[in-house]
Each structure stands twice: as C-alpha cells, then as structure tokens.
Amino acid sequence: MALKMVKGSIDRMFDKNLQDLVRGIRNHKEDEAKYISQCIDEIKQELKQDNIAVKANAVCKLTYLQMLGYDISWAAFNIIEVMSASKFTFKRVGYLAASQCFHEGTDVIMLTTNQIRKDLSSPSQYDTGVALTGLSCFVTPDLARDLANDIMTLMSHTKPYIRKKAVLIMYKVFLKYPESLRPAFPRLKEKLEDPDPGVQSAAVNVICELARRNPKNYLSLAPLFFKLMTSSTNNWVLIKIIKLFGALTPLEPRLGKKLIEPLTNLIHSTSAMSLLYECVNTVIAVLISLSSGMPNHSASIQLCVQKLRILIEDSDQNLKYLGLLAMSKILKTHPKSVQSHKDLILQCLDDKDESIRLRALDLLYGMVSKKNLMEIVKKLMTHVDKAEGTTYRDELLTKIIDICSQSNYQHITNFEWYISILVELTRLEGTRHGHLIAAQMLDVAIRVKAIRKFAVSQMSSLLDSAHLVASSTQRNGICEVLYAAAWICGEFSEHLQGPQQTLEAMLRPKVTTLPGHIQAVYVQNVVKLYASILQQKEQAADTEAAQEVTQLLVERLPQFVQSADLEVQERASCILQLVKHVQKLQAKGVPVAEEVSALFAGELNPVAPKAQKKVPVPEGLDLDAWINEPPSDSESEDEKPKAIFHEEEPRHTRRRQPEEDEEELARRREARKQEQANNPFYIKSSPSPQKRYQDAPGVEHIPVVQIDLSVPLKVPGMPMSDQYVKLEEQRRHRQRLEKDKKRKKKEKGKRRHSSLPTESDEDIAPAQRVDIITEEMPENALPSDEDDKDPNDPYRALDIDLDKPLADSEKLPVQKHRNAEAVKSPEKEGVLGVEKKSKKPKKKEKKTKEREREKKDKKGEDLDFWLSTTPPPAAAPIPAPSTEELAASTITSPKDECEVLKGEEEDHVDHDQERKSSRHKKKKHRKEKEKEERPRDKKKAKKKQVAPLENGAAAEEEEEPIPPMSSYCLLAESPYIKVTYDIQASLQKDSQVTVSIILENQSSSFLKNMELNVLDSLNTKMTRPEGSSVHDGVPVPFQLPPGVSNEAQFVFTIQSIVMAQKLKGTLSFIAKDDEGATHEKLDFRLHFSCSSYLITTPCYSDAFAKLLESGDLSMNSIKVDGISMSFQNLLAKICFYHHFSVVERVDSCASMYSRSIQGHHVCLLVKKGESSVSVDGKCSDATLLSSLLEEMKTTLAQC
C-alpha cells in the first residue's frame, strides 16, 4: 500500500499542472488547437485514475480550457467527484469548475443535492462557504426547493462569514423558488439588525433588490430602514436604503414628509458625490409625491437644484451626466426652478462628450416656453451648422422639431417663423431625417389653416429650386422634403401665385431621378394642380391657354409612364389617359374643369397614429379563426412566408415536419433562384416603395456625397428665420406697450405694486389666428392599449404579500426520518403533568416580559404608528393609528370596524386583561354545561344575556346587513359636471383639513381650464399657490374628457372648529365641443360640519372612565323619536358619518368616543328604546358639543 502511494506521488511529479498547460499553449501559437486537443486526451486519461489529487489537477486544467471557450460538459460527473473530496483545496477546485459549466440543463446536477447539503452542514466554515458560493452560480428550481431550509438555517450561524453568504444566496433561491420567500422573510428581516455590518449590508442588499421590482410588499419595513438610515455610517448601505425609499415614497405619501429632514441633512453634510446624488434623487421623488394639494417645499427644491448645478459644473463627465439626468426629473414638476439655469444647460451643448450634449438637449425640451422658444431654437440652429458628425446633427434636427411641435405646437406664436426654420433645415446635406422635416411641413400645413398660403408659397419656391435639394437621393435623405412640397402645392393649389410655373417645375425631366415614392406624389399632385389651372382658365374664358396646359401634360407624362417604379407607372398611365380624354373634349369645346376638379373635392384631415388599432371588433367576428383551414402538409413551400405587417408569433400549433438539413435547404433555395433567373416569364421581385421606406439604411450605409461648393447652399427666395425673430420681437414689444397703456388707464389714482410687470406665457398672443385641426379617430374607438407585462419576467412570481400570516401549506419542505410513535405510559404522563404544573409560574413571568418587549418592538415597527407624529395625551385615551380610512365608498359592518380597532390596539393590552379573558373562559365553560341541561324553549331568553363588549367588539347575534354608505356628499351639479366632496382631517395638523373633490364630466364636451375658488371667511381660508391673491382661484390639475371623473384635493386652514360653517364657492371651466368652446361657471356652498373635524380614535373603558370622572367636561343631550333601524346599524352610522369609535356596548346601550383635530375630547352614551334613541354627550367645549349633537340629530332622524 505504501509503495503504491509513493508510486502515485512520483507519477504526479511528471503530470502537467495548470502552469504547464498555460506555458504549452503560449509555446504552440501556430498549432494551438492541435495542442489543446492533445491536452484534452491526456486530461481524459487522468480523470480515469483513482487518485483524487490527479482528478483535481485535471479538473483545474479543464476549468481553464472552459474559459477559453472549450466545452467540458462531458466531464460533469468527474467534477462532482472532485466536489465530494474531503480535502478543501480539491473541493474548491470542484466547486469552481461546477460554477463555470453547470447550468439548468446539466443532467447530473441532481446528484449534487446531498453533497451540497453535507457541505452546508460541515463544521468547517470554509467548506460551507465554498458550497454556498458555488451553489449561487448553478442553483436550479429543484436545488432551491430541496436546500432552501438548510440555507435558511445557516442565516442563524454563529460565524458572520457564513451568515453573510447565506443571506446573499437566498436572493438566488427566491428567484428560482418563490414559495420560499414568505417562510424565509422573518429571518431575513432579523438580519437587518445583525451586529455584524457585513451581514447587515447583505440583508439590505437582498431586500432592496426584491423591493426594486415589487416595492408595495416591503412598505412595512419603512420604520426599520429609517432607523438604519439615521444610524448607519456606511455610504454603500445608505445609498441602497435611500434608493429603496425613493421607490416606496410614491406608495405612501406620509413617508415623504418623514424623509425630507434627514435627507436634506445628508445633502448638507455628505462629501460623497454618489450619496449626494442618491439623496437628491430621492428628495425629488418625495417632492413629486407631495406635490398634489400639499404646501410647497421650495427650499428643498432650490437646495437640490443648487447641488445638481455643482455636479453639472464638475469636471468629471460621469457626475455631469448624472446631474443633468436628475435635473430632468425636477423639470417635470418644478420647471421654473430649472429654467433659471438655462445658461448652464446651453453651455453643455458645447461639451466634447456627445452623451452629455444629448442629455442637455432632452432638458431643453422641457424648458421651452412661448417666451424663449425662438431664442433656444436659434441657439440650436447655430449648433447644427457647427456640428461634427451626422449622428449628433441628426439628433439636433430631431430635437428642434420635437421642441417646436410638442403639445400640439402650443409654444409657437408665429408659424411663419416655424415654416422658415423647416425650410432652413432643408439645407442640411447627409441627414437621415428628411422624412421628419417633410412630415412636419405636411402636419403644419394641414392643421394650421392660417399658414397655408405662406406654406404654399415657400413650397413652390422649394420645387423651383428642387435641383439643389434633389442632389441627395438616398432613402430618407433631404430630398424627402420634395414629397411634402409637391403634396402641399397640389392639395392647396388655390393659394399658389404662379400655378403654371409650379406645374412646369414638377414636370421637369430631372424629377425622374428622384426616388419612386416621391415621383408618385409628384404625378398625383400634378393632376390636382392641372385641375386648378384648368378651372382658372375656363373661368377667364381662355380656352387656348387651357389647351396648352393639357398639351404640356400629354408631352411630359410619358416620362413617368416609363418609370421603373410600378406605382409611378400606374398613376402616370391613368392620369395620361384622363388628360387625353380631356384633350378630346376640349377639342369639341366642352367645358371639363368642374368635372376634373370634382375628382379632388373635400379636405384631407390627419388621422391619429393608433386609429386602426382602436377600431372596435364587430360582434361575432373572431380574428383568430382560420378563414380557410390550412392544408395538412405543405411540401412546395420551403420557407416560412414573411409577416405582412409585423413579426407575428404563431398562435396555432401545426403538425411538426421533420427537420431538414440546413445545407440541403440552402442548396434547394439556390437552385430555385437559378431557375427563376433563367425563366424569361418570371417577374423579378423588387422591394416595394413602402417596404423600402421602412427599411432605412443605417448611418454606416449612407453614401458620402461631395458638395459642389460652387453651388450656393442658400435657396433663392427663401426667408431667413432671423428676420422673423426680429419681427416677432417688434410685435411683442408693440403688444406690451398697448397693454401698458391700458394698465395705466385702469391704475390711474391707484398705487402701482410693481414697476416692471413681467410677461407670462399666456400674455403672448399668437401672430396668426391658430385653429389646429385635431386627429381623426374611428367611431366607438377603444381605449389605448397597454403593453402586457413580460410573461418571462422572473420577478413576477416574487410579487407576494409578506404581511399575511404564514399558512401551514407554505412552510418549507424539510427532510425527516419516519419515526414510529412512542406509546406513552400513564406513569410518565403523570410525571410530565407534575413538572408542567411546577413550571407554570416561571413561564407566566417569561411570557409577560416577552410580551412587553414585543409590544415595544411592534409599536416601533408599525408603519401607521411610526408615521403618526402626535404624542398621546396624559390622562386621555391612548391614540392609535388613525382609522380615517373608514371614509371609503362603502362600509361592511361595525363588526368589521371594531375588529380593526381591536387589532390595532392589541399591542397595548396588558396582563390584567388576560385574567379577565381567563375568567370569561370559565364563565363560558359553565354556560355550556347549563346549556345542555336547559330545555330548548329557553334558548331565546338566554341569548339576551350578553356580556359587555369593549372597544367596539360586535354583538354575537346576527344582525341585518348594513346598507352601503358613502362619505362623499353632493356639492353641486349642472348638465356639464357633477361635483361631490368629502372633508378629511388629520391629527398631525391641528389647523388644516383637506377637501377631496370628485369632478365627473356628465356631458359630451371636453372640460378644461378648470379653476376652483372658495371665498375666505374670518375663520376658514383656502390655501392658494404662492403669489396668489385672495380672489384668485386654485387651478384643478387635470382635464376631463367626456364621461371621465377624477379627484382633486384642496387644503383649508381653520382657526376655530366649534361651529359649523358654509362657504360660497365657484367652479369655472371651459367646455369644448365640435361647435366651439364656452366658458361655464357653477356656484356652490361648501359645508364644513363639526363632525368633519373629528378623527376616529379608539379608547379603552378605563381611560374613558377617568375622562368622565375628571369633571372638566360640559354636558348636553338629545332624544330622537321614530327610529326603526337596528341598534347595530345605528352605531355603524354614527361611527361612519361622525367619526366615533365604540368603547363599550351592553345590550341596547353603548359608550362612544372621538377626538377633534384640536384635542377636544367627545364622549357619548347612546341608548335605544323601542322606537326612540337618546344621546347623552360630554365634551371639553360646550359649543362644539351642541353643534355635534345637532348634526347627529339630523343623521338619526333619517334612520
């Protein structure tokens, strides 16, 4: 045996190791493949040996070869053998090889389960660590399911090294086996408070990655992460947590208010640019979520913008890019804050880095207004001239057009200037966006009627100088503008000054060098122009001139008939025959102008891009059904036919045909093509104009065109945009002077508030009367399609509610030995019973301490409690999370409400109540015994003896169902709009209430420019935007299409809440329909009841009794007769409409409690008689109590 070992050791001395393999590959550069194949043969021999060291050496060399691209899957079994080695150095080699080449398709991977489980339970931390590292690379759903419990156990390992790796690999396990997330989550959550910073950061990383895709499931962890954020000094952990808060804030706006202060402190204090950027990013997300109806945080916005300016001015290009990226997010909600830094953004356009220039361009898009549009476009036009490289120049061109055309051209005040800009852009050579300029020319000419005359004159000039533009004839080149020019001159030919000249320009022989689709448009619009000229000549009784025009067409059209493009041929042939027919009729003296013009009667309006998609499918039409059943076998077709419109996924499965060899298919294809080429009767396929239009060549395929500098680049007769800029400035100056004169007349004798009045966008009137035609849609158009989520997304399965209690079926599978049940002897049972009894007092003490500790922990981790910043009153009931969510559209029953309150207060129950519950159990047991002995006819009498119910616990007997209730009341209604409202109070703000208003469009008109104004009283004032006067309204931040409703929130400041009050208000809006737009107003009275200032606050009977005994409360009472509603439903109505909670109920008597936003305590005792209800109330303010009881009387009278 010893000799054998010695011999094996000597043999290994002569084996090639990894260093020898690498050295050999370097020495055999000429025949590397041959050398490696020899080495692989040697390795195969080494793997057949029994010595594990030799095998490990062979696997090590195979791992290197795998990195060079060689397949080593054939050695998978040998790799598993090395993984199972007892020596760590060999085991590590095996796991490295497995992590390199094992995947879900590896057959032998199932053999690794027991080996990995054995290594995970190894006493050596290094064996466990290497197993965890390797498993993370090749984990499969089966491995994840089988090993999840073992890995979860390692999360509580004594060594931080193992805990950290176990926490990290759980993320991979969750992805492969999502069912393990819920059972493992409590332990993962514990690791957030691990004493080791490495384990803690690993847990933060895993949870942040999970929350990035499904943030709503991790909202309950916000208090814990907030604690980490304020205590951690690790920048990496802080960045992760701050990014997570950025995702959670839109889901819980209250969280944003809590985050503002610590985040701004971090922004001020941190020197790390990465942390600064993430803080700014999250503050932006917070402010976006708080922007609706809440007060401004202008200081925070200004701070963010200042810090981002520092980033943008930094010499580091990465920081500059990130600063511009974050600035674009602020721009969406606070554009004015960013617009003041326009100079800095424009400087970035001169940056060497193209990505920064492009990001600055994106920012300019949002910074544009009516005032600065011309200035920004002028700056961009100078960059177009200086731009190097077609890619950036094309991007500039696209951005100029996007900036001008955004929101239906709302920033353009002078469309003549815009047409001149588009014409100037036609001078660009080598651009790929000629079709974009052409599309804009067409769009503006069609939509803006006032500009058509000017547009036609410019397009005719463009057609006259077509030889300059047509020099670049590649697809999507600048010659595409001739497409638009020809169409506009033909469609709106009545505006042409010299139609004859334009017609001759369109019939020049050089036109035949243009692409086919442009020639086709030329031919089509030549006949439109011809019809217009014919009508003019006939009206002037100039028959000779009309015949000359006809003769011109007869002579020039044959050049188009001979075109290689089929569409041009077809159109030219049809029109030529039409013109020849007209010529015959002219020879006979028959007037034909009206009939020819009738061919082109009517206007062409733009069609919405998705109009075809939105056409509703008729009833009974199945678009997926076969029109003709497919043949069973298709032998003639070798290739799959191409989709006509887009790449379609096969929806119907067909019988699989046997796969044919690729070489055989290629050979057949070549033979068929050769046969077609030799066949004189076969028409060769050429790409259609539409297809060629779609397949635009890339930048690399654009041919380089030499510019003849002897030809002037400026098109004669074309206007310069600078002239229009000056004219526009003069026009605006005159407009300002006229307004100043009017203002001076009005303000005569009044004090002037501002010496230099600023000009807003709305003050700038357009140069022309703009009537923009909207896009046409089909009848009964369907709503826009939403892209379905990717069905292969691995994160979809991890969208799991983690707050729901764990069911038995969700526990992780654990391998167990089947044990036979041991039969317990009565003697042993007796001994165990004595032991249990003796341990009871100690257990009770432990349970009490644990419960107190859990109370504190739960209190800190409860999201609602944490977000509530109001401290509890000293001798008052303990305030819990606000249950104001009862103001939903319906309520199920007081039973449910009380259970909610009970659940929220469970954390505050002390062990005194346990004794109560034990006594209750004894009573219950005694009652059950008596129940068996009593006769059945006494059951009804027994049911009436109900024990007192605390904190709103519902009665045991079944009551009638509660009708649905809504907290929203009708505010006002007109044929156009219906307005309902609800007033919501909050404990956190003692002088503010939020009025939620739902606006529903009841008409067929489009409602826009909505504005709500409520007249302030001495007591109640509406919160308005900064700079607004008392008489200004608050704009509603949305528009209402027909049949749509939306909700807006408005904040009111209240001084005294003891009296109800009504405020007058007006809702003004513009109703736009096909006939035009009308300005409408709707008056209303906003009723602030005293109940709207109350907040549902749970209270225990002990605290309630102390409050009543204090003697500080005033008393009042009411009685209402004619009540037919059940007591349960009555309590539900009081709870819902007046925001009370049930403290205790006995039979037909209940004590109730509520609290106002200014801290007034309101206690009620509600008693129901046969047909009447009496309510005794006590409150810290007598006026508030009498007002509340009056409101309650009105509610009870309806019962």
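Easy rule for this one: first residue shown is 1, then count along the chain.
Each Cβ is built from the backbone N, Cα and C atoms, and glycine gets one as well.
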Report which of Ser825, Ser893 appears in Swiss-Prot with the annotation phosphoserine.
Ser825
So one of Thr758, Thr848, Thr1023 should carry the feature phosphothreonine according to Swiss-Prot; which one?
Thr758
Swiss-Prot annotation phosphoserine: which of Ser337, Ser754, Ser917 has it?
Ser754
Swiss-Prot annotation phosphoserine: which of Ser755, Ser918, Ser1028 has it?
Ser755
Residue carrying phosphoserine as stated in Swiss-Prot, selected out of Ser340, Ser760, Ser991:
Ser760
Local confidence of the repeat 'HEAT 6' (298-336) - pLDDT mean:
88
Other parts of the chain folded back onto the repeat 'HEAT 9' (521-558), taken as Cβ under 8 Å at six or more residues beyond its ends:
482-483, 486-487, 489-491, 493-494, 496, 499-500, 502-504, 506-507, 511, 514, 568, 571-572, 575-576, 578-580, 582-583, 586, 589, 591-594, 596-597, 599-600
For the compositional bias 'Basic and acidic residues' (665-675), DSSP counts of helix, strand and coil?
11 helix, 0 strand, 0 coil
